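**Q** Below are the C-alpha cells for one structure; questions will follow.
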Amino acid sequence: MNTVTSPLPAAEVALAKVRLDWIPLLLVAALMAVALPLVGSVPTWLTLTVAGLAMGMIIFVIASGLTLVFGLMDVLNFGHGVFIALGAFVATTVLAGMADWTGSASLAANLIAIFAAMGVAMAVTGAIGYAFERVLVRPVYGQHLKQILITMGGMIIGEEMIKVIWGPEQTPLPLPEALRGALLWGDAAVEKYRVLAVAIGSAVLLAMLYLLNRTKIGLLIRAGVQDLEMVESLGYRVRRLFVGVFVAGSALAGLGGVMWGLYQQMVTPQMGAQINVLLFIVIIIGGLGSSFGCLVGALLVGLMANYTGFLAPKVALFSNIGLMVAILLWRPNGLYPVAAR
Amino acid sequence: QSDKEIRIAHVYSKTGPLEAYGKQTQTGLMMGLEYATGGTMQVAGRKIVVIEKDDQGKPDVGKSRLAAAYADDKVDLAVGPTSSGVALAMLPVAEEYKKILLVEPAVADSITGEKWNKYIFRTGRNSSQDAISNAVALDKEGTVIATLAQDYAFGRDGVAAFKQALKKAKLVHEEYLPTNTTDFTAGAQRLIDALKDKPGRKVIFIIWAGAGNPFKIADLDLKRHGIEIATGGNILPAMAAYKNFPGMEGATYYYFGIPKNPVNEWLVANHYKRFKSPPDFFTAGGMSAAIAIVEALKKTQGDTNTNKLIKTMEGMRFQTPKGEMTFRPEDHQAMQAMYHFRIKVDPAFPWGVPELVREIKPEEMQVPIRNKR
Amino acid sequence: MLQTEGLTVRFGGHVAVDGVSCTFAPGTLTAIVGPNGAGKTTYFNLISGQIRATAGRVRLNGQDLTGLGAAERTRAGLGRAFQLTQLFPRLTVLENVRLAVQARAGEGLNLWQIWSDRRELLGRAREIVAAVALADKQDVPAAALPHGDQRKLEVAILMALEPQVFMFDEPTAGMSVDDVPVVLNLIRALKADKTKTILLVEHKMDVVRELADRIIVLHNGQLVADGEPETVIASPVVQRAYLGQDVEAEA
Amino acid sequence: MNEPTPVLTLEGVHTYIGQYHILHGVELTVPRGQVTMLLGRNGAGKTTTLRTIMGLWPARTGRITFAGQPIGGAGTALSTPEIARRGIAYVPENMGIFGDLSVKENLLLAARSARRVDDIDTARLEWIFSLFPALRKFWLYPAGKLSGGQKQMLSVARAIVEPRELLLIDEPSKGLAPAIVQNLIGALRELKQTQTTVLLVEQNFAMAKALGDTVAVMDDGRVVHRGSMAELVEDAALQQRLLGLSLAAHG
Amino acid sequence: MLHRLLSHDLPRSRWLALALVLIVLALLVVPFALPGSKSLNVAAKILIFVVLVASYDLLLGYTGIVSFAHTMFFGIGAYGVAIASTRMGEGWAALGTGVALALVLSLLLSLAIGLFSLRVRAIFYAMVTLAVASAFQTLASQLSEFTGGEDGLTFRLPELLSPSFEPFEEEVLGVLIDGRLITYYGLLVLAVALVLLMLRIVNSPFGRVLQAIRENDFRAEAIGYRTVVYRTLGNVLAALFATLAGAMLAIWLRYNGPDTSLSFEIMLDVLLIVVIGGMGTVYGAVVGSVLFVLAQNYLQDLMRLAAGGVEGVPVLSQLISPDRWLLWLGVLFVVCVYRFPNGIVGWLRERADRSPLRPETSA
Ligand SMILES: Nc1ncnc2c1ncn2[C@@H]1O[C@H](COP(=O)(O)OP(=O)(O)OP(=O)(O)O)[C@@H](O)[C@H]1O
Ligand SMILES: Nc1ncnc2c1ncn2[C@@H]1O[C@H](COP(=O)(O)OP(=O)(O)OP(=O)(O)O)[C@@H](O)[C@H]1O
Ligand SMILES: [Mg+2]
Ligand SMILES: [Mg+2]
C-alpha cells in the first residue's frame with residue numbers, strides 16, 4: 001500500500017506499484033448480494049448483514065493486535081488470548097467500581113464508563129505486554145517455534161494468574177443500560193452495542209493504517225524483522241520500537257477483550273483461548289500480517305457465520321474453515337499477502 | 001489403623017474448565033460430612049477421611065485417578081466427578097474394582113442409563129429431571145415453545161426429554177447451534193421467524209452450558225413479537241444475566257433461598273458464616289452426597305462392604321438441603337424435588353433472584369428408567 | 001548439447017530475459033558476461049528450472065526440459081552453483097557435499113540402510129572436499145565458514161553432482177586471491193575432460209579471457225554478442241556498456 | 001610524513017564468537033580523510049573486525065576509539081545504534097538488503113534524518129543515481145528481486161546517501177561489473193575530497209591499488225602488516241608473503 | 001550389535017547414555033519396584049508419549065514442518081481401536097481391523113494434507129493445520145453415533161489384555177500378574193521397537209535428506225531432491241507412527257474421547273516435549289517425555305507438600321496451591337525453553353563435546 005510517488009520520475013520502466021486491491025472487498029459485497037435472495041426477506045437479511053458486519057468489526061479489533069505483532073515483527077503470539085481475557089477482567093473491576101455510571105440511563109454516562117474501562121484495560125494489558133515482551137518474547141525473535149512455545153507458556157501462566165486474582169469462575173460483565181436492546185428499522189433490528197463496535201473498529205483501523213503507511217515506523221519494524229543487525233547498523237534503536245509494537249498489540253488485545261466481554265456480557269479466564277482459532281483463521285484469510293486484510297477477513301467471517309447460521313446451521317460449524325480453505329485455494333497467501341517471508 | 005478409617009475419594013475438577021463447579025461440590029461434601037456426623041467426622045466409631053483427586057476435567061485422567069484411589073489409596077467408595085464425560089469414562093473402573101461410585105454432579109442420563117452398572121449411584125439430578133421439571137413448569141395450554149440448544153448430544157438429549165414431557169404446550173421449532181457459537185443473530189432470526197406469527201404465549205426455552213451467551217438474543221428486542229425467554233437454573237454468576245429478564249420462568253435444581261428445611265437452613269447459615277456468601281448450585285449437591293454416604297454407613301454400622309452398602313442404599317431415603325431424596329432401586333438415581341421459579345430483580349443481589357412458584361415433587365415427574373438391569 | 005530457444009521471462013512489466021536462443025556444445029566453456037542486472041542469473045534460473053519461463057524452451061540432448069522442475073532437471077544432468085551462496089547452514093561441510101553425492105547416486109529414498117554404512121558415498125564426498133581444499137574444515141558447520149570458504153563449498157556441491165552441464169555463477173566472487181586458483185584449476189580440469197558443457201558467469205575479465213572458448217553477452221535481457229573471446233571483448237558494445245571507459249588500463 | 005590524526009583506533013582487540021576466539025589482539029589505526037585498506041586471506045578476520053567495530057560482536061578485551069572517544073572494548077561497549085549515530089556507516093559482507101522493502105524504502109531508512117523521500121538531498125540522490133543507474137530504474141522494486149550486483153549497489157548507496165564521517169565497507173566490488181567498479185572507485189575518491197574516512201575490505205587488488213592510501217593486512221585474527229599502499233604495491237615479495245599474490249597474474 | 005540397533009546414532013554423551021539406560025531399566029521394573037495403579041499408569045503414559053513425541057520429532061525436528069494436526073492422527077489411531085472394538089465386540093480381530101483402518105485413514109489424510117498444503121509458506125501450513133485439527137475435533141464430537149461424541153467410547157479388549165485376566169494363582173515377586181501388566185509389557189516392547197525403527201529412519205539416507213530440506217529446501221531441490229515428495233513422505237510416516245501411538249493409548253485406557261486424544265492441549269504438550277527434549281534427536285523424545293509426564297503427574301503432589309508449608313500466607317498460598325499447578329508447569333516450560341535452547345539432549349551433548357557444533361549461527 002505504498003502509494004507515495006517517487007520524487008524523481010522513474011522514467012524508464014513503469015514498475016509494479018502496489019495499489020489497493022479491490023477484489024477482496026468486492027468479495028464481501030458479492031457475499032452479501034448472494035445472500036439476499038437466499039435469505040429471502042429483506043429485513044431479515046438486513047438484520048443478519050448488519051449484525052455480521054458489526055461482529056466482523058469486533059473480531060477485527062480483537063485480531064488487529066495479533067496481526068500487527070505478526071505482520072510487523074513476525075512474532076506468532078499465541079499468548080494473545082490472555083491479553084483479551086485480561087482486558088475483559090480489568091473491565092469487570094472498573095465497571096463494578098463505576099456502578100453509578102453504568103447504572104444510569106444516560107448514554108453519555110454509560111459511554112464514559114465504558115471508555116474508562118477500555119482505557120484502563122489498555123493501560124494494564126499494555127503494561128503487561130511490555131513485561132511479556134521483555135521477559136518472554138525478546139529472546140526468541142526470529143524463531144517461530146520457540147515463539148509459539150514461549151507465548152503458549154505465557155498464556156498458561158497468564159490464565160492461571162487471572163484465576164488467582166479474579167477466581168476461576170465466570171464473572172458477569174453487564175452491558176450498561178443505554179447500550180442494551182436494538183435499534184429498529186422497520187422489521188430489521190440492529191443491536192445498539194454493535195453500532196458502538198463499528199465506530200471503535202473503524203477508529204482502530206484508521207489509526208493503524210495511518211501509522212503503518214504514513215510514517216517511517218512501519219518500514220523500520222519491517223526492516224528490523226528481516227535484518228535487525230542492519231537496521232541497528234543504520235543507527236536506529238529498533239528494539240525499543242519492537243517493544244512499542246508489542247505493547248500496542250497487547251493494548252489492542254485488551255481493548256478487544258473489553259469489547260468481547262461486553263458483547264458476551266460475561267467473562268471467563270479461558271475466553272481468550274476459546275477464540276484463538278477463530279482469530280488465527282481471520283488473520284490467515286487476511287494474509288498474515290496485513291491490517292486491511294485482517295479487516296476484510298473479519299468481515300467475511302462475521303457475515304459468513306450469520307448467513308450460514310441462518311440458512312444451514314449445521315454448515316455453520318465448518319463455515320470458517322471452509323471459508324479459509326476456499327480463500328487459500330484462490331489466493332494461497334491470503335487476501336492481502338504481505339511479501340513472502 | 002487404616003482399617004478403622006473410612007476412606008472416601010472425591011475425584012473432581014480441582015483444575016480445568018469446570019474448576020469453579022468442582023470446588024463447590026468439595027465444599028458441600030465436607031460440610032455435609034460435618035453436618036451428618038454431627039461434627040465428629042466419625043461413623044460408628046470409624047473416622048471418615050476424604051482423599052481429593054484432581055481429574056483436570058479430562059476423562060482419561062479421571063479414570064486413572066479413580067483407579068489409583070481404589071487400588072493405591074484403598075478407598076472404600078468414591079464421589080464425583082464434575083463433568084459427564086469424565087464420569088462415563090470412570091463407570092467401568094467402579095465395576096472393575098467392585099467399589100461404589102457416587103456420581104455427583106455429572107448430569108448425563110446415560111450414567112444411570114445405558115452405561116450404568118450396579119456400583120453406580122447418583123445424588124445429582126440427571127438431564128431428564130432437569131428437562132422434565134422445566135417442561136412441567138412451562139407446560140400450559142396455549143403456549144408455543146421453541147428450543148435453543150447446543151448442537152451435540154447433551155443439547156439434543158435435553159430437548160428430546162423436554163419434548164417428551166410436554167403434554168399441553170406445543171413445541172414448534174428446535175434450534176441447534178454449534179457449541180462455539182459467538183454470534184446468535186442468525187439463530188435468533190430463525191427462532192423469531194418460527195414463533196412470531198403464532199398465537200398465544202410464545203416462549204424460547206434455552207438449554208445451554210459452557211461458552212457463549214445465548215441470552216444475547218434478547219437484545220434483538222424479542223418483546224416486539226411478544227416472545228419470552230425461559231431457561232433452567234444455574235450457578236449464581238451465570239444468573240447475573242437473568243437480571244435482564246424479570247418475570248422469566250423455568251425450573252431449577254437448587255437455589256439457596258428456595259427449599260425450606262433444617263438441612264438447608266444449616267447449610268445457608270454456616271456457608272454464610274464461613275465464606276461470606278450463600279451456597280451455590282453444586283454446594284447443595286456435594287452436601288447431599290455426603291449425607292447419603294453417612295446415612296448409609298450409619299445403617300451398616302460402619303461396614304464398608306460394597307454389597308452390603310449397595311443393598312442398604314437401594315431405596316434409601318435421606319434428608320438433604322433439597323428435602324428428602326430416594327435412591328430409586330432400579331437405576332440408583334436419587335429422586336428429588338425441583339423448583340419452578342420466576343425471576344425477580346432485587347438490587348440487593350447481583351443476580352436475578354428466582355422466586356419459588358411451586359415445588360415440583362418427585363412423584364410429579366415421570367423420569368424414565370433407561371438402564372438395562 | 002544444451003539448447004535454449006527463445007527463452008523469455010517477464011516480471012510484471014519488466015522483461016529480464018528476452019528471447020535468448022543459444023546452443024552450448026559439450027567440451028566448450030562459454031562465458032556469459034553483461035552488466036549488472038543484464039539477466040545472467042535469471043537466464044541460469046530459467047535453464048536450471050528455478051524460475052518458469054514465460055516463453056521459450058530448454059533442451060538437453062534433444063530432451064525437452066521446459067516443463068520440469070529444478071530437481072528433475074538436476075537429475076537430467078544440469079548442475080548449478082549459485083551467485084548468492086546456497087548451503088545447508090547447520091550441516092557440516094562434509095555432509096553438505098555428501099548429500100549432493102547421495103543425490104547423484106539416487107539414494108534419497110532409501111529408508112532402511114544407515115547413511116554412514118554407505119561408505120563409497122562418504123569416500124567420494126571426502127575426495128571432493130579435499131579437492132576444494134576444505135579437508136581440514138570438513139566437520140565445521142557451513143554457517144561458520146568465512147565467506148570465501150563458503151564459496152568453495154558451493155563449488156564443491158556442484159562438483160559432487162557430476163552433471164553434464166556445469167553452471168557457475170560468479171564462482172570466485174569474494175574469494176581471496178590465493179583461493180581463486182583452486183577453483184579455477186577445478187574448472188580447468190573439467191574443461192580438459194572435453195565432454196562437459198560449462199557455463200560461466202564472471203565479472204573478472206582476466207579469468208574470462210583465460211578460460212573461455214566463447215563469450216556471449218547479455219544486455220537488458222537480450223543476447224547482444226556471441227563469439228570468440230578476443231573479438232567479443234574488443235567489440236564496442238562490450239567496451240562501452242560493460243567494461244567502462246578506461247578499464248583496460250586498470251585490469 | 002605528516003601523520004593525519006586517526007579517526008578510529010583499535011588497540012588489543014580480542015573478539016570471541018560463542019566459544020571461538022577469532023580476533024587475537026587487533027591493532028589498527030585509521031587516519032582521517034584517507035582510504036585504509038584491510039586485506040587478508042579468507043578467514044583472516046576482516047569481517048569480524050568490521051563487525052566488532054560496529055558493536056555487532058562484542059570486543060571482550062581491548063579498546064576501540066572513534067573520534068577520540070571510546071566506543072567499544074572492555075567496559076565501554078556502546079550499542080550498535082549508538083555507534084552508528086556517532087557517524088559510522090557500514091556496508092556488510094552479505095549486503096544486508098531489506099528484501100521486502102523497495103529500493104526507495106531501503107534508501108529512505110538509510111537516510112536517518114529524512115522522514116520522507118522528499119527530505120533527502122536531491123543533488124546527493126542524483127549523484128547516487130549517476131553512479132548506480134540501476135537504482136533509479138528499479139526505484140519502486142522490492143529490493144529482494146534485484147540482481148546480485150544491483151543489491152551490492154544498493155548496499156553501498158545506503159551507506160553514502162547521507163554524509164558520514166567513517167565508512168566501513170566489506171568487499172563492495174564482489175559481483176559488480178567492471179564499469180560499476182569504476183564508478184565506485186570514482187565515488188570513493190569524491191568522498192575522500194569531503195574528508196570522509198573509509199575503511200575498506202577488498203579482495204580485488206586492482207581496486208585496492210586504485211584507492212588505498214594506507215593498508216593493513218590481517219592473518220589469523222591479527223594485523224600482521226601496516227604501511228602505505230604505495231609501499232605494498234612496489235614490493236612484490238611482500239605481496240607474495242602477505243596475500244599469496246603473484247603480481248604476474250594481475251599485471 | 002547395539003550400534004546397529006541404534007543405527008550408529010549413539011547418545012554421544014555419557015550422561016545421556018546413563019539416563020537412557022536408567023529410563024529403560026526403570027520402565028522395565030516399575031510394576032515390581034513401585035507396584036500400584038498410579039505408577040503403572042504413569043509409566044504407560046510415558047511409553048505412549050515417547051512414541052507420539054518421537055513421531056512428531058520426525059516431522060518437526062527432522063523435516064522442519066510445524067504442524068498442529070499431529071494429534072489428529074493420534075486420535076485416529078485411538079478412535080480406530082475404540083470404534084472397532086465397540087462395533088465388532090472385543091477381540092483381536094477388532095483390534096487388528098481398528099489399527100489397520102486407522103493407518104489407512106491416516107495415510108490418506110496425511111497424503112492429502114501434504115499434497116495440498118506443503119507448498120505454502122511454513123507458517124501458513126502451521127496455521128492451516130491448526131484449523132484443520134480443530135475442525136476434525138468438531139467432526140469427531142458431531143459424529144456421536146460413531147464416536148460417542150463428547151462422552152467418548154468405553155470398550156473391552158481381548159481377554160489377555162483385560163484386567164480380569166489373571167493367569168497365575170500366586171503373586172510373582174509380590175505382584176499379581178494380570179492383563180494390565182501384560183498389556184504394559186506389550187506396550188513397552190512395541191514402544192522400544194517403534195523408537196528404534198524411527199531412529200533407523202532418521203539415520204537413513206532418506207532421513208538425511210529430510211534434514212537437508214529443513215536446512216535449505218531451495219538448495220535441496222537444486223541438487224535433485226524433489227522436496228514435495230520428501231516432505232510428504234516424512235509427513236505420512238510421522239502420521240503413521242502417531243496413529244500407532246494413538247492405538248497404544250486406546251489399548252491402555254480402554255477408553256477414548258475427543259479430549260483424550262484430539263485436544264489441542266496434547267498437541268502443545270507434544271510440542272513442548274520435543275523442544276525441551278531436543279529437536280531432531282529422537283532421544284530427546286525419550287528424555288523429554290519422561291520428565292514431562294512425571295512433572296504432569298507429580299507436580300501437583302509436590303505442590304501439595306509445599307503448600308502445606310505456606311498455609312495462611314495470603315498471596316503465596318494462592319500461588320503455591322496445588323490447584324495452580326498449571327501455572328508452575330507453564331513457568332517450567334518457559335524456563336526449559338530458555339535454559340536448554342537446544343533441548344536437554346542438545347545440552348548434554350554440548351557438555352560432552354565442546355566441538356564446533358553450534359546450531360543457529362547466522363549465515
Ligand atoms: N524474481 C524476480 N522478480 C522480479 N524481477 C527480477 C526477479 N529476478 C530478477 N529480476 C530482475 O531481472 C533483472 C536481471 O537480474 P539477474 O539477476 O538475472 O541479473 P544478472 O545479470 O545476474 O546481474 P548481476 O551481474 O548483478 O548478478 C534484474 O533487473 C532483476 O531486478
Ligand atoms: N558465526 C561464526 N561462528 C563461528 N565461527 C565464525 C563465525 N563467523 C566467522 N567465524 C570464523 O571466524 C574467522 C574469521 O572470519 P571472517 O568472516 O572475519 O573472515 P574474513 O577475513 O572476513 O574472510 P573472507 O575474506 O572470506 O570474508 C573464520 O575462521 C571463521 O571460520
Ligand atoms: Mg547474477
Ligand atoms: Mg569477510
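Including glycine, each Cβ sits where the backbone N, Cα and C put it.
When I checked TrEMBL for this same protein, it listed these features:
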TRANSMEM  E:15-34  transmembrane segment
TRANSMEM  E:46-79  transmembrane segment
TRANSMEM  E:91-115  transmembrane segment
TRANSMEM  E:122-140  transmembrane segment
TRANSMEM  E:182-202  transmembrane segment
TRANSMEM  E:236-255  transmembrane segment
TRANSMEM  E:270-295  transmembrane segment
TRANSMEM  E:302-320  transmembrane segment
TRANSMEM  E:326-348  transmembrane segment
**Q** May I ask which of the stretches E:122-140, E:182-202, E:236-255, E:270-295 has the most CB pairs under 8 A with the transmembrane segment (E:91-115)?
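**A** It is E:236-255, which has the most Cβ pairs under 8 Å.
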**Q** For the transmembrane segment (E:46-79), I need the partner stretch with the highest count of C-beta pairs below 8 angstroms, choosing only from E:15-34, E:122-140, E:236-255, E:270-295.
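**A** Result: E:236-255.
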**Q** Pairs of Cβ atoms less than 8 Å apart decide it: which stretch in E:15-34, E:122-140, E:236-255, E:270-295 has the most with the transmembrane segment (E:182-202)?
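**A** The listed stretch sharing the most Cβ pairs with the transmembrane segment (E:182-202) is E:236-255.
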**Q** Can you see whether the transmembrane segment (E:270-295) and the transmembrane segment (E:122-140) are touching - at least 3 CB pairs under 8 angstroms, only pairs 6 or more apart in sequence?
**A** no
**Q** Using a Cβ cut-off of under 8 Å, list the residues of the same chain at least 6 residues beyond the transmembrane segment (E:15-34) that approach it.
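**A** Beyond its ends, the transmembrane segment (E:15-34) has Cβ neighbours at 40, 43, 46-47, 173-175, 181, 184, 188, 192, 283, 286-287, 290, 345, 348-349, 351-352.
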